[in-house]
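Here's a structure for you.
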Amino acid sequence: QEEAELIEQEFAEIWGKKAKELFDPIWQNFTDSKLRRAIEVIRILGPANLLLAQRQQYNSLLNNMSRIYSTSKVCLPNKTATCWSLEPELTNILASSRSYAKLLFAWESWHDVVGIPLKPLYQDFTTLSNEAYKQDGFSDTGAYWRSAYDSPSFEVTLEHLYQQLEPLYLNLHAYVRRALHRRYGDKYINLRGPIPAHLLGDMWAQSWDNIYDMVVPFPNKPNIDVTNTMVQKGWNATYMFQVAEEFFTSLGLSPMPPEFWAESMLEKPTDGREVVCHASAFDFFNRKDFRIKQCTRVTMEQLSIVHHEMGHVQYYLQYKDLAVPLRRGPNPGFHEAIGDVLALSVSTPAHLYKIGLLDHVANDIESDINYLLKMALEKIAFLPFGYLVDQWRWGVFSGHTPPSRYNFDWWYLRTKYQGICPPVDRNETHFDAGAKFHIPNGTPYIRYFVSFILQFQFHQALCKEAGHQGPLHQCDIYQSTQAGAKLRRVLQAGRSRPWQEVLKEMVGSDTLDAQALLEYFQPVIQWLQEQNQRNDEVLGWPEYQWRPPLPDNYPEGIGKALREGGLGPREVLASGLWPLGPSLRVLISLFQLSPGVLCCSATHL
């Protein structure tokens with residue numbers, strides 16, 4: 001892996017310096033926009049600016065952080081210990097268990113076992129990364145990341161978008177907090193305070209759809225979480241990708257090439273290899289070799305991720321004939337939005353019926369509210385997290401957040417925007433940001449916030465092109481070659497044109513706009529407001545300093561608590577889950593990663 005990175009950096013150094021030698025400072029005046037945009041990419045050397053010894057240290061830090069994140073396990077400290085990876089075991093516990101103590105153990109163990117050893121490595125990485133990008137003329141790494149959006153007012157635009165969306169999030173938060181209060185009571189839920197971070201069905205509280213069963217508005221209506229149906233019908237990882245491919249080809253877009261099916265890793269290996277499970281797509285830049293790496297599980301949530309990753313590959317296929325520097329999205333949010341646009345159609349009850357996952361489609365307002373609430377748990381719940389991750393990192397890179405405040409500032413932002421709090425005491429020994437893949441992996445995150453705006457703008461435009469009549473949330477563009485043709489033009493442009501031009505061609509406007517998202521969710525926005533007014537809910541978390549108490553006899557009695565907590569349905573499907581020991585006895589188990597490859601990748605959020 002490190003050898004491959006050094007080769008790539010050596011290549012970037014040679015061509016970047018040559019571009020600067022030949023074209024600085026005149027390249028900005030070139031009339032050929034494609035040439036100008038290609039040179040703009042080539043002349044940024046990044047880590048290739050560093051001296052060889054520093055470059056080697058930079059690569060070593062990234063690889064060590066990735067290895068710690070991807071191979072750390074929660075284990076019992078004895079010879080018969082069973083160890084759990086993040087995927088699938090800990091992920092299944094967070095998704096399925098409803099035991100407060102069991103969820104707390106899984107959450108605390110993961111954050112400790114990964115975050116604590118990462119902190120000193122991340123400090124050194126930050127120093128070297130800043131030094132590299134300062135030599136390209138940027139004030140720090142964060143400034144370089146923001147430059148991809150070609151807008152001096154980018155941060156102001158983001159804040160304006162978030163202010164538009166915050167009222168919807170506050171109403172969703174209050175409604176979910178009330179449902180959690182019914183489950184866990186006054187001891188663990190303060191109806192005027194933040195929600196403990198481990199209770200929302202996800203290790204990072206970024207998506208709440210795993211607790212849909214606890215918050216479903218009308219439980220007597222047909223269940224629209226089709227996970228159990230997928231399992232009962234014998235769906236597997238390969239079939240899930242075939243279903244996604246068929247959606248793309250129904251639009252007149254390209255099928256996956258043979259190399260994709262031959263070389264992709266669609267399931268977690270069973271031969272003992274340790275791999276990075278976080279879903280990612282790869283472009284090997286030879287116009288034919290495109291792959292996905294995903295430890296796919298048979299769930300409805302994973303079906304959406306499959307479409308997300310295949311959206312990246314479809315992008316690769318469509319712009320493969322452009323010059324290499326232009327083989328990327330016009331801004332990073334575009335690449336992340338494409339697969340999710342299709343997933344908006346795939347998740348509709350009408351489409352689930354078409355592919356045999358629902359027996360019938362209920363056409364009534366209560367079923368609509370159930371569906372939109374489930375989508376809000378995925379899409380709206382994510383928005384503050386998507387917004388804050390890089391706010392924290394921009395502060396780290398600029399020096400506003402020094403190492404002595406890494407954890408304080410992380411939780412300040414998470415409480416401010418998400419309205420969540422750590423379920424146990426945290427201090428600067430901990431490095432809880434490092435428990436999220438994109439931090440040790442060095443992957444910018446604001447792209448996902450941008451993509452959540454773009455995907456609804458795209459969905460609205462493609463639904464209009466497909467001739468859809470009716471509410472936006474009921475639109476399914478499946479088999480619309482007209483919508484596919486419009487989408488193809490966006491994909492084929494790659495980075496050859498400014499994103500504002502590409503967006504205007506797609507949606508008729510050159511600005512990021514939350515109105516399409518608000519239109520999509522309007523029925524459930526109104527319903528949430530009515531429910532919260534009826535219950536006299538407090539919107540927000542005025543008692544923001546509140547923290548929950550520890551469960552009785554925690555962590556000493558965690559073994560008993562885990563046994564009594566039982567197994568949720570997805571844990572049973574995962575199989576092999578046994579009671580864990582005290583979180584204070586967590587071990588780190590590090591294994592050698594599979595050899596890396598030289599390519600361009602795009603990751604899941």
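Heads up, the Cβ atoms here are built off N, Cα and C, so glycines get one too.
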Among Glu301, Glu336, indicate the single residue that TrEMBL lists for the Zn(2+) 1 site containing His308, His312.
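Checking Glu301, Glu336 against TrEMBL: the Zn(2+) 1 site match is Glu336.
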Identify which of the disulfide-bonded residues Cys75, Cys463 has its Cβ surrounded by the largest number of other Cβ atoms within 10 Å, counting every protein chain shown.
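By the 10 Å Cβ neighbour count, Cys463 comes out on top.
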Using C-alpha atoms, which one of the recorded positions Tyr149, His312, Glu336, His438 comes nearest to Cys83 (disulfide bond)?
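Closest by Cα: His438.
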Over all shown protein chains, what is the count of other CB atoms within 10 A of the CB belonging to Glu309 (active site, proton acceptor 1)?
27
For the recorded Zn(2+) 2 site, whose residues are His308, His312, Glu336, find every other residue on that chain with a C-beta no more than 8 angstroms from the centre of their C-beta atoms, and list them by sequence position.
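Neighbours within 8 Å of the Cβ centroid, excluding His308, His312, Glu336: Ala281, Glu309, Gly311, His335, Ala337, Ile338, Gly339, Asp340, Ser451, Ala602, His604.
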Asn64 (N-linked glycosylation site) to Glu309 (active site, proton acceptor 1): how many Å between their Cα atoms?
25
List, in sequence order, the same-chain residues at least six positions removed whose CB sits under 8 Å from that of His312 (Zn(2+) 2 binding site)?
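The list for His312 (Zn(2+) 2 binding site) reads Ala281, Ile292, His335, Ile338, Gly339, Ala602, given in order along the sequence.
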Say you check the Cα of Cys75 (disulfide bond) against those of the recorded positions Glu309, Arg447, Cys463; which is nearest?
Glu309
Quick check for you: of the recorded positions Asn29, Tyr149, Cys295, Cys463, which have their Cα within 10 Å of the Cα of Glu336 (Zn(2+) 2 binding site)?
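So the list is empty; none.
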